[in-house]
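According to TrEMBL, the protein carries these features:
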type	residues	note
BINDING	Q8, P9, T10, G16, N17, G145, E146, D147, V184, K191, M192, S193, K194, S195	ATP binding site
MOTIF	9-17	motif ''HIGH' region'
BINDING	D133	L-tryptophan binding site
MOTIF	191-195	motif ''KMSKS' region'
Amino acid sequence: MRALSGIQPTGPFHWGNYFGAIQQYIALQDECDDGSFYFIANLHALTTVREKERLQQYTLDGAIDLLALGLDPNKATLFVQSDVPEVSELCWLLLTGTPMGLLERCVSYKDKLAKGIKADAGLFTYPVLQAADILAYDATVVPVGEDQLQHIEVCRDLAQSFNHHFGETFVLPKGKVLDQSARVPGTDGEKMSKSYNNTLAVFDDVKAQRKQIMRIQTDSRPMEEPKDPAGDVLFDLLKLVASEATLAEWEATYRGGGFGYGDVKKALAEAAETYWGPARERRAEWAAKPGEVREILAAGAVKARQRAGETLCRAQAACGLKGW
Ligand code: ATP
Ligand code: MG
């Protein structure tokens, strides 16, 4: 088993990123017998972040965040996407065999359009670059949140059709989501997303995090009314960070009624502080040594380029770009 996944430096990482994806990266770095590859997807981010300094900052911050959360460069390969130009070449090979309709059906593109985010060809073809990212490393498993499953299907389609046309070249990957946190809700109840301004950032300071939690939208049912915790945004978030005992208490309180959402928010803020405390301390340590972080990323890129280069050669030979 070999794992591969990427995360965009489009803003501070949030609870959805951690519980949907990063938590899996960390588990898989121990479980994969054939290595794991994780990258900061700055080429993808370029479709969103159009300010040089901000993109640079988010890229380094993203690596620091992953290290603080437990990614171990001695076990996993951590690198920056644009340090592996082979992937962009592979992307072109795949683009030439990508039906427009396949991309037009992609939900995440349609969602962003519906939210008024302007689309360019980069955003439209994003799933193809993502396919190249995955196929370049012969990954067998791709740990992601639910929103990415469709893109992994696109990747499989593209790999299958290339293999069918030019002979066995690519390994077909499978997506992997965690049932309990495949789609973490944001402060507005929609999917928590860096680009939707509805996030709880993992590394916000305590005060900022409290403020964000207080912003979470709740319904206006009377306090006395018993409530079903299932599907309640606050309870869903509490499930991620609270201890079992706290959670059981709140479950009973919901069912009994006679509480205010403000109390749940306070409990959520407290649970969050305890939960993220140790990672916050580790983050401060990594942030104090950016040189070391850059070295880790550079060493990761060397390993990643070697793998991606082998796959690119194989694909180029298969489709007639070599051997003429
Ligand atoms: P953007 O809004 O820029 O697309 P994002 O918040 O969706 O940012 P990505 O960098 O696109 O984050 O995604 C990184 C990983 O986090 C992906 O595997 C994605 O599926 C996962 N992820 C993102 N949001 C959530 C969420 N709310 N719940 C679970 N997983 C999520
Ligand atoms: Mg996203």
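Each residue, glycine too, has its Cβ placed from N, Cα and C.
Feature map: TrEMBL annotations on the structure.
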| residue | record | CB count, 10 Å |
| --- | --- | --- |
| Q8 | ATP binding site | 24 |
| T10 | ATP binding site | 21 |
| N17 | ATP binding site | 26 |
| D133 | L-tryptophan binding site | 27 |
| E146 | ATP binding site | 16 |
| V184 | ATP binding site | 24 |
| M192 | ATP binding site | 24 |
| K194 | ATP binding site | 23 |
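Considering only the residues assigned to ATP binding, Q8, P9, T10, G16, N17, G145, E146, D147, V184, K191, M192, S193, K194, S195, the longest pairwise Cα distance works out to 19 Å. Reported as a whole number, the C-alpha separation between V184 (ATP binding site) and D133 (L-tryptophan binding site) equals 24 Å. According to DSSP, V184 (ATP binding site) sits in a coil region rather than a helix or strand. In the three-state DSSP scheme, E146 (ATP binding site) is classed as helix. According to its DSSP assignment, the residue listed as 'L-tryptophan binding site' is helical.
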